[in-house]
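As given in TrEMBL:
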- 86-107: transmembrane segment (TRANSMEM)
- 113-132: transmembrane segment (TRANSMEM)
- 144-164: transmembrane segment (TRANSMEM)
- 176-196: transmembrane segment (TRANSMEM)
- 203-223: transmembrane segment (TRANSMEM)
- 235-255: transmembrane segment (TRANSMEM)
- 267-288: transmembrane segment (TRANSMEM)
- 324-348: transmembrane segment (TRANSMEM)
- 382-403: transmembrane segment (TRANSMEM)
Amino acid sequence: MSLSLLLTSTRPPLLDRTHFKITHANPKRLTFSSHPSFRNLPTLILSSSSGCGSGHEESGHLPVSPPKPTSLDWQQNVLSTAASLYPLYVTAGGIIACFNPSAFSWFVKRGPASYSLSLGLIMLAMGLTLELKDLIALFMQRPLSILFGCVAQYTIMPAFGLIVSKALGLSPSFSVGLILLGCCPGGTASNVVTLIAQGDVPLSIVMTGCTTLGAVLLTPFLTKILAGTYVPVDAIGLSISTLQVVVAPILLGSYMQSKFPAAVKTVTPFAPLFAVLASSLLACSVFSENVVRLKSSMVAASLPSDASLILRIQSIFSGEMGTIILAVLLLHFAGFFVGYISAAIAGFKEPQRRAISIEVGMQNSSLGVVLAASHFTSPMVALPPAMSAVIMNIMGSSLGFFWRYIDPSDSKDSTQPQD
């Protein structure tokens, strides 16, 4: 999610929650310091040229008797575990939106202002855990892999957004929504998935930060070029909105972290969970808004009132809803697959391939929802980004757990370009 994360893995109890923080005591190495509660545990030092999962772990002395976890440790463990359940939240919310759309009406009625506010708070939470000096320092150490990943992000997904929309013959509104989704920066959940997949976590984190900051210019510019043939696109308006709801909150959060470290340290453990819940609410609210329209325009006109639940579900997925789901599936599959293949062709090692694949395939769907709701007259434009929040996280999490059981060090025939 940022340069400082509370993440959950399947390691032993005292090692399963690590506070990843990039430091630069040695300019040639990346040091992952454990959470302050685990200062006695060894420090994992990775060579910056090898990436996460493929570096050489320097020897450290494990304590004979590990310190007993405190109540604060368990609290942070619970929070980090709860934050890792993002796919479950959006899936459950999507099901509720399908069968009871009015559950989100209180939030929908206040849109798009409520959408913009929620995304701004999500980005503020990210900024609170982001140290820009670390991001810049890491970029200077590994410019080649980071630039390659950012270029892949803003070429593969926008191109396939256009290709898929044309191949499936989507309506103009849905085509614009899918292209807009493809032009968004990398999603924050990609960092968690990269950790699960034993990928290059530092590369994933910096790619997320760089593509998010670059979204101010690239997302509006690419959307206007690719979607401008369908509907008029206000590139300047999109750029201003992206600056307001993404970049400004991130910079504000980073500033607060440097000026008020004690206060920020208190709220930081809650930031990932807050961001996850806010993202779920945002995506499910937009989804529920469009479900009402889709039901009224497709299902009600073709089914009798006493139709069974199974028949109604089949009718929904065989109509436009099914086409949108297929389009979003194809877009994210292309991102994961082509991202991995391109990184392999470029000669990157397995951990970098996984990080680039996941980063390219997982988008900031919340930004797509906000921009669609704020700058396009048709509410259907927001449906592909809203659907993406559910589909993308299920696909990404599944890929992450698949890769978790395949040792990245098994791939020995690749040669990583030197940064």
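In case you wondered, yes, glycine gets a Cβ from its N, Cα and C as well.
Only pairs six or more apart in sequence are counted, and the transmembrane segment (86-107) with the transmembrane segment (235-255) gives fewer than three Cβ pairs under 8 Å, not enough to call it a contact. Recorded stretches compared: 144-164, 176-196, 203-223, 267-288, 382-403; the one with the most Cβ pairs under 8 Å to the transmembrane segment (324-348) is 144-164. Of the recorded ranges 144-164, 176-196, 203-223, 267-288, 382-403, the transmembrane segment (235-255) has the largest number of C-beta contacts under 8 angstroms with 203-223. Touching of the transmembrane segment (203-223) and the transmembrane segment (382-403) is ruled out by the presence of fewer than three CB pairs under 8 A, sequence neighbours closer than 6 excluded. Counting same-chain residues at least six beyond the ends of the transmembrane segment (382-403), those with a Cβ under 8 angstroms from any Cβ of the stretch are 86-87, 90-91, 94, 174, 177-178, 180-181, 184, 187, 189-190, 192-194, 196-199, 279-280, 282-284, 286-287, 289-290, 324-325, 327-329, 331-333, 336, 354, 357-358, 361-363, 365-369, 372-373, 376.
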